[in-house]
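Notes for the one structure printed next.
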Amino acid sequence: MVMIMMVFQASFLSAVAAVVVNGVSSAPGNKWSNKGIDPEVYMDSTQLITSKGYPCENHYITTKDGFILNMQRIPHGLKPNPKPGAEKPVIILQHGLESSSSNWLDNLVNESLAYLLADGGADVWLGNVRGNMYSKNHTTLKPNQEEFWAWSWDEMAAYDLPAMIDHVVRTTGVKQVHYLGHSQGTAMGFAGFSSNHTLAAMVKRFYALAPVTKVRNITSPVRLLAPFANELALAFALLGRYDFLSHNNEIMDFLARDVCSDISDILCENVLFVLGGFDRTHLNESRVPVYVAHNPGGTSVQNILHFAQGVNVDAFQKFDYGSADANMAHYKQPTPPQYNLENFHVPVVTYTGGKDRLADSTDVAWLLPQIKSSLLANHHIPSWEHLDFIWAYDAPKYCYDDILNWVFNK
């Protein structure tokens, strides 16, 4: 059981071994050979933004339970005021599972949602949840302590999301913000907005890319953990490991510099597959070293197990602590509470992919009727998988142009 989870954490290392054993080299015909290393491989989110001439502010927000979250803000585009006299929309972009704010910055300027929104006239805020590479600080805890990692997306919805939205509202002076989430970022929204009506009232519109609530039918590798979810929690506790795929700059820089850009893409595909599925059809392959250098962003074992638990239940529910007694201690009931989407009232636009292995079409088909009173539109892209929503070179055509229209014209 432990080995199954360890395979996830070491999948890219096994691929390195495969490259070495098979004697793959940078032959003249290899598509990664003879290419210079993209300097963005070595940049963090702030550097990615400023290297293109955009302004960037770093904001640090403390949640009610003590986590210190780093948000990057792009207050305007290359032209400070492209629409004089028009109301300036404020939007928060929230990344998905094992990711970070760089998701919205890793493509070319004309393919990256953060830049498109900023140049269109929006005040853009990029979120980073607890435990990822930009938000690994706490007022009293350290990352080497078990308590630091005792959370899942439940706590992101209950603490991180309100802290970020409240900070953005107070800083900008607006009454409502636009909120856009991908994958886990949508789970945070559906959970948080259905549970906290004060929070929901601060959101003008919710854009849900690859929406995730119930995950009964996922075919992502996370599914492999489902039969052993409770046992794995105990096993990793005994091993003293509570973080999962935390970002390692040295390893990821090596992959991006010496593997993805010079030897073979076998490893790159494995890394991206761990993040939710990989299909090169819509991928700008010249950007793969940048994607790999910035991912995974890191999360907790408990968070991964929460997703794995979802395969075993036909519900959108909170983390199961493994026993009636433990659940009673946390929830005052023997089973995890379910999120009630009948209480979700934020206007929402959903974007779904026909080949998505994490936001599976069957689970999405369950979700849409639950939110029908708030659903403004659902845009289905048959050929897209989970990561196309952040990295597809044709994302503006199939997704982002529509988002821009909603943000600026409706």
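Every residue number used here counts from 1 along the chain in the order it is shown.
Any Cβ shown, glycine's included, is placed from N, Cα and C.
Marked as active site, nucleophile by TrEMBL: Ser183. The active site, charge relay system feature in TrEMBL is assigned to Asp356, His386. What TrEMBL lists as domain 'Partial AB-hydrolase lipase' is 46-107. If you look up TrEMBL, you'll see 1-18 marked as signal peptide.
Cα of Asp356 (active site, charge relay system) to Cα of Ser183 (active site, nucleophile): a span of 10 Å. Geometry remark: His386 (active site, charge relay system) versus the residue listed as 'active site, nucleophile', CA distance 8 Å. For the domain 'Partial AB-hydrolase lipase' (46-107), the number of residues in each DSSP class (helix H, G, I; strand E, B; coil) is 9 helix, 19 strand, 34 coil. Confidence for the domain 'Partial AB-hydrolase lipase' (46-107), expressed as mean pLDDT, is 95.
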